[in-house]
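Annotated features in Swiss-Prot:
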| type | residues | note |
| --- | --- | --- |
| DNA_BIND | 391-410 | DNA-binding region |
| COMPBIAS | 52-62 | compositional bias 'Basic and acidic residues' |
| REGION | 52-91 | region 'Disordered' |
| REGION | 114-133 | region 'Disordered' |
| REGION | 493-514 | region 'Disordered' |
| MOTIF | 480-488 | motif 'RPON box' |
Amino acid sequence: MAMSPKMEFRQSQSLVMTPQLMQAIKLLQLSNLELVAYVEAELERNPLLERASEPESPEHDPPNPQEEAPTPPDSGAPVSGDWMESDMGSSREAIETRLDTDLGNVFPDDAPAERIGAGSGSGSSIEWGSGGDRGEDYNPEAFLAAETTLADHLEAQLSVAEPDPARRLIGLNLIGLIDETGYFSGDLDAVAEQLGATHDQVADVLRVIQSFEPSGVGARSLSECLALQLRDKDRCDPAMQALLDNLELLARHDRNALKRICGVDAEDLADMIGEIRRLDPKPGLAYGGGVVHPLVPDVFVREGSDGSWIVELNSETLPRVLVNQTYHATVAKAARSAEEKTFLADCLQSASWLTRSLDQRARTILKVASEIVRQQDAFLVHGVRHLRPLNLRTVADAIGMHESTVSRVTSNKYISTPRGVLEMKFFFSSSIASSGGGEAHAAEAVRHRIKSLIEAESADDVLSDDTLVQKLKDDGIDIARRTVAKYRESMNIPSSVQRRREKQALRSDAAAAG
């Protein structure tokens, strides 16, 4: 059969991800901080979008000039602002007397002063402002001292300790390689090669930096950091150095090996360990840490007067934007070219979709949160031990949504409950079968039970993983030993052997102190 080109029509249906749908899906999974940043960017990009302003309170209403105007005196003195115009030629003291206020404490000592220039005649010309340059509004934050970073603190000490420009240049490069915790994370040979210096020169400058405050800064390891702090206290003797060289034994609480290596008895070893515990393993964190964002819940859950749970959105985390229809009508009349009309139409469509997407996002979050609260009512009342097994499909089926939508909604979202501020993902937990064939247990509740059992153990009766399995079975929880070990390790709880050593060491310390 000969092949020949031909045309034919075919009708079919398919799902297409439009830009608007992609935008709505993206908004669902954003955290409240990411959402604010996204909306701010849209406000900058789209001229038809504007913030929905809050109604002004009565105290912010503009004053009534008739009510504010003072009663003119009978002596024929100038009224309204005439007194200022007539007194511009007088001295500053006269103006301060007329104002009946002290201008000396309006700003802090380092704030910009009033600009006083030479005027005509014998008077002075005073340019009154709000305290900021160019007549800007007074901003108290402008007078706050800038936070001193660790690098700033070290560079200030370097300028005093190293007058030689070449050594100071080496020091500045080394300080740039010290992280926020105070540790030197660079390579001395690489710095020496970059600056054309010798390894000994760079190492010598690093030793100078290690003598700066905070004590322990510039160390290349934990043992060196602790040793620097102990040297400043003149407490780094050979026995203490031997202990610092074997911190892994200290982490395993192997005190018998430490006593043998350090050549000390149990009492001296306990004193040495106590001294190490009083040191700062991250000395740099005292200076200018990174910005810490507060954890702001997206949903509030509180108990109503009738015993039911009230679920509310946190309005502070919801950006409010509007489409400026008045401005759109104005610029639409002025649009002439096809390009301008297309741009305006795209802006209007994008703005409308954004406002609808924000509204839909808020409704979806509230719907999902309400169902989570309904499913986990026992947890809110009684605590973690009553957390139910819950998966995305259960919530999705209950509210008539796809489980991928529920997954996006619960990402990076937090609920404020009587049990604390919790991530929405916390409420979704896999199930552990019941040994008696009853209701399954949530994995998070089982973790909490394991932690409670371990916290209640004594030094003479440390629970092994096998013992934990048996105790959980007595509570009706059918769980394997490897699962107990996995849950224990996920909570950073050491093994029974290590816990026994730790508890015995603590008991020895208490006996020595007594």
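Cβ atoms here come from the backbone N, Cα and C positions, even for glycine.
Long-range contacts of the motif 'RPON box' (480-488) within the same chain: residues 432, 443, 446-447, 450, 454, 465-466, 468-469, 472, 495, each at least 6 residues beyond the stretch ends and with a Cβ under 8 Å from a Cβ of the stretch.
Applying DSSP to the DNA-binding region (391-410) sorts its residues as follows: 16 helix, 0 strand, 4 coil. Look at the motif 'RPON box' (480-488): DSSP puts its residues at 8 helix, 0 strand, 1 coil.
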